[in-house]
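As given in Swiss-Prot:
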- GLY61, PRO62, GLU63, SER64, SER65, GLY66, LYS67, THR68: ATP binding site (BINDING)
Amino acid sequence: MEKEIKNILMEIEKKFGKESIMLLGSKQDLNVEIFSTGSLAIDHALGINGFPKGRIIEIYGPESSGKTTIALHAIAEIQKSGGVAAFIDAEHSIDPNYAKNLGVNIDNLILSQPDSGEQALEIVDILAKSSSIDLIVVDSVAALVPEVELNGEMKDQVMGAQARLMSKALRKITGSLNKSKTTVIFINQIREKIGTFFGNPETTPGGRALKFYSSIRLDVRKVSSVSTGEVISGNNIKIKVVKNKLSAPFKEAFTEIVFSKGISKISEAVEFAENLKIITRKGAWFYYNDQNIAQGKSNLKDLLEKNEALYSEILTKVISALSKENVNSIL
């Protein structure tokens with residue numbers, strides 16, 4: 001029986017190529033590689049300390065909620081590790097200066113501003129098959145307009161064209177990603193379902209295919225504004241992991257996005273350090289190693305911004321504590 005199975009496997013491999021079929025235990029590269037999102041809070045909520053390589057990720061939410069900011073931070077992290085990233089700007093709205101402020105090396109970022117949805121997704125497929133690109137960001141699904149719609153008149157209604165386009169493209173792209181270990185992040189918007197009286201009236205453009213093929217789906221929402229004096233300097237946002245094939249879903253992350261600077265990593269470190277009792281609070285005063293270091297959270301953030309050695313020391317302790325198995329009982 002064992003010999004028969006071995007012969008069958010050899011026959012299939014001979015016909016369809018090496019590794020077309022195998023025993024699960026013989027597959028050495030099944031362990032998913034991870035890269036940081038650039039946010040300590042999001043890394044922790046994902047349960048795997050970052051985004052997986054070779055998978056599709058959807059980041060969706062209302063306008064100005066921080067979707068593109070999260071994607072740009074992911075690009076910066078890939079580039080820091082020596083990887084190559086591409087940005088498919090279907091909305092034709094990328095801000096090079098903002099990307100640079102977030103740590104993106106714009107000189108090494110591949111940019112495409114396609115004319116149609118077909119062109120955009122074909123470029124994604126070619127880049128993925130090349131095995132030379134580590135991360136591709138598509139901004140956004142809603143802007144992937146099918147050629148049949150572009151070539152038609154304003155009065156024409158083309159039902160389901162974008163959904164069919166996405167379904168066909170994702171079937172091709174998914175197979176390429178597994179071999180190349182390229183990650184694709186699709187940024188998506190939110191639409192209201194017409195005539196919905198019960199249940200969630202919100203939906204995302206592009207049909208059901210993207211929901212199905214995505215290994216991770218993040219719902220990004222603005223919670224409140226952040227003010228410095230009388231000036232609004234940023235937003236507090238909530239990220240909910242609504243789908244996660246690699247860890248437990250439905251976890252939430254909260255972070256602060258500072259205008260022109262992106263995710264405040266110092267704010268994240270302070271919140272985690274306080275929750276983990278690395279930094280303790282007595283009234284308005286903050287203590288570290290039983291020493292009074294700052295009065296008020298804003299002063300603590302200013303201190304860590306100026307004192308890189310102290311910030312690095314606290315951050316190292318936070319990351320170490322988060323890696324422990326009992327961290328969920330602490331937070």
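Note: Cβ is positioned from N, Cα and C throughout, glycine not excepted.
Given the structure is predicted, the values throughout are model-derived calculations rather than measurements.
Other residues of the chain with a Cβ within 8 Å of the Cβ centroid of GLY61, PRO62, GLU63, SER64, SER65, GLY66, LYS67, THR68, the ATP site, are VAL220, LYS222. Sequence-distant contacts (6 or more apart, same chain, Cβ under 8 Å) of GLU63 (ATP binding site) comprise GLN189. Neighbour counts of Cβ atoms within 10 Å were compared for the binding-site residues GLY61, PRO62, and the top value is held by GLY61. The local packing around SER64 (ATP binding site), expressed as other Cβ atoms within 10 Å of its Cβ over all shown chains, amounts to 11. A C-beta separation below 8 Å, combined with a sequence spacing of at least six in one chain, links SER65 (ATP binding site) to VAL220, ARG221, LYS222, ASN235, ILE237. In the structure as shown, the Cβ atom of THR68 (ATP binding site) sits within 10 Å of 25 other Cβ atoms. Secondary structure from DSSP puts LYS67 (ATP binding site) in a helix.
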